[in-house]
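J.: Input: one structure, supplied below.
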There are 2 protein chains.
Amino acid sequence: MSDATGKRWVFFLSDRTGITAETLGATLLTQFDEAEFKQSTLPFINSEDKARAAVEYIDQVAGSSGLKPIVFSTTVSDEVRVILRGANALFLDLFDLFVPQLEGELNVKSMHREGRAHGIADRDTYQIRIDAMNYALNHDDGVGEDGYEDAQVILIAPSRCGKTPASIYLAMQHGVFAANYPLTPEDLENQRLPRILEPHRDKLYGLSIEPDRLHHIRSERRRGSQYASLPQVSFELRQAESLYKRQRIPSSDTTNMSIEEIATMIMQEKGIRRRTF
Amino acid sequence: MSDATGKRWVFFLSDRTGITAETLGATLLTQFDEAEFKQSTLPFINSEDKARAAVEYIDQVAGSSGLKPIVFSTTVSDEVRVILRGANALFLDLFDLFVPQLEGELNVKSMHREGRAHGIADRDTYQIRIDAMNYALNHDDGVGEDGYEDAQVILIAPSRCGKTPASIYLAMQHGVFAANYPLTPEDLENQRLPRILEPHRDKLYGLSIEPDRLHHIRSERRRGSQYASLPQVSFELRQAESLYKRQRIPSSDTTNMSIEEIATMIMQEKGIRRRTF
């Protein structure tokens, strides 16, 4: 295995999916973007044999790249961790660093039990998320309007401003029931809310985006169309923002926001509680 | 604010969305389920004023609950962190604990720049995830079969075994292009793959589930129907598992797996690289 890229290897290692290790590592590595990293996840390292195989692999990479790899680990078993610590790497384990302080404060021993986070214990959370996702899919783009009583939020915006991804992310990550409804050029012209939304006024949240970006997004769908033209999207967005203001509907310009930020912003402004705690 | 529940408060605190802090904290707290926790996220704590307001709130909770709150924090600014450390709480900060070790190994100073993870720098990642999600939505449940060349994986299973949530999760979390295709009772009877899937045989992954659970899920949709009956679901699942075996299609029983685990398992078995690194 030769590696002449000069990149530093980073491993996300876990006895389960590795998602926590990835999240942790990604957040930390963003603070070091001078360095370039080559990333790999090693999930389901839940036995001493698998730990030894992982160490062998990491050591091989260390040898051929000439740079000590960095390992972000979330592994509950002490026996597994002892083996992993032997790797030729900077070994950073979440449990090593935080559990002693938590044990001290809570005055109990931790359970050293694997497979808890993102795991089978989460049956209720799982069901909430699946229900929320089904809700989002069944109440997408103005469909299923007889089910708005169950919505925690109804996103409104002109076509292609990101209503669907935001609704699905709210469901998937936070278990929030989110519907979405498109504002048509007619709604925007009249500066009136679609009548079907009137009874649910307090659930509405408006999305906006920069005209250039929406022009680009719509052009990918229907290049050269009136629908995608810059004058048309500029008009729709200006009217949408004026409608939000006039109707006192909270809203965000999502141009420079990630999907996580959009979801968090909506939940904060609408006072929505996560259902996945 | 009186709180007679005897529960310990846990805060997830961040200059951005709080998702990293939540993930980190959730993983650690699962090791302490004797204790009961009351959880709250304080996002966008990105100024000294907001930090002071957060400390005030945490101190109020500490006073009224009589138990020192636990704070999981991911806050980049040193100035903000100095203030937060003053709270009457067990303050556990990701950057405090990991950054010094990373700086040592990488031999560079960290940037102390906020808003990197899940942030605007991730425009490419954002677009990959949105494209992947649109792909999943447009290739759900056997629709859009002319686009299977672009699939990284095609999930197959009898109705309601969890194909849609798994496809969307793969897209949202990992940027993976996942289609899914339902196996009909006729496909299962004949033990043949639907012809449309033949050219994409190496992309197939089968899902299965315990009969009782599928009976329950289908009953929520059509109670008392033949479709939901235990004999019918048992037949379909037995035939599906036999089809997977006969056609050498890798598969998993997802009954006791979380959606994260299902996604990770599929990616590992099919050798799919994340596109969101």
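Backbone N, Cα and C atoms are what each Cβ position is placed from, and that goes for glycine too.
All annotation found in TrEMBL is predicted automatically rather than curated by experts.
The following feature annotations were taken from TrEMBL:
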{"type": "BINDING", "residues": "B:ALA157, B:PRO158, B:SER159, B:ARG160, B:CYS161, B:GLY162, B:LYS163, B:THR164", "note": "ADP binding site"}
J.: Under 8 Å, Cβ to Cβ, against chain A: pull out the ones among the binding-site residues B:ARG160, B:LYS163, B:THR164 that qualify, in sequence order.
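T.: Sorted by position along the sequence, the hits are B:THR164.
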J.: Counting every protein chain present, what is the number of Cβ atoms, excluding its own, within 10 Å of the Cβ of B:CYS161 (ADP binding site)?
T.: 28
J.: An 8 Å radius from the center of the B:ALA157, B:PRO158, B:SER159, B:ARG160, B:CYS161, B:GLY162, B:LYS163, B:THR164 Cβ atoms defines the neighbourhood of the ADP site; name the other residues of that chain inside it, in order.
T.: B:ASN180, B:PRO182, B:LEU207, B:ILE209
J.: Given a separation of at least six residues and a C-beta threshold under 8 Å, show me what packs close to B:LYS163 (ADP binding site) in the same chain.
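T.: Non-local contacts for B:LYS163 (ADP binding site): B:ASP140, B:ASP141, B:LEU155, B:ILE156, B:ALA157, B:ASN180, B:TYR181, B:PRO182, B:LEU207.
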J.: Which residues in the same chain, at least 6 apart in sequence, have a Cβ under 8 Å from the Cβ of B:ARG160 (ADP binding site)?
T.: B:LEU214, B:ILE217, B:ARG218, B:ARG221
J.: Need the DSSP three-state call for B:ALA157 (ADP binding site) to compare against my parser.
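T.: Assignment for B:ALA157 (ADP binding site) reads strand.
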J.: Could you list the residues of the same chain, at least six apart in sequence, whose Cβ is under 8 A from the Cβ of B:GLY162 (ADP binding site)?
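T.: B:GLY162 (ADP binding site) has long-range Cβ partners B:LEU207, B:ILE209, B:THR254, B:ILE259, B:ILE262.
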J.: So if I measure Cβ to Cβ from B:THR164 (ADP binding site) and keep only same-chain residues at least 6 apart in sequence, which ones fall under 8 Å?
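T.: In sequence order, B:ASP140, B:ASP141, B:ASN180 meet the Cβ cut-off.
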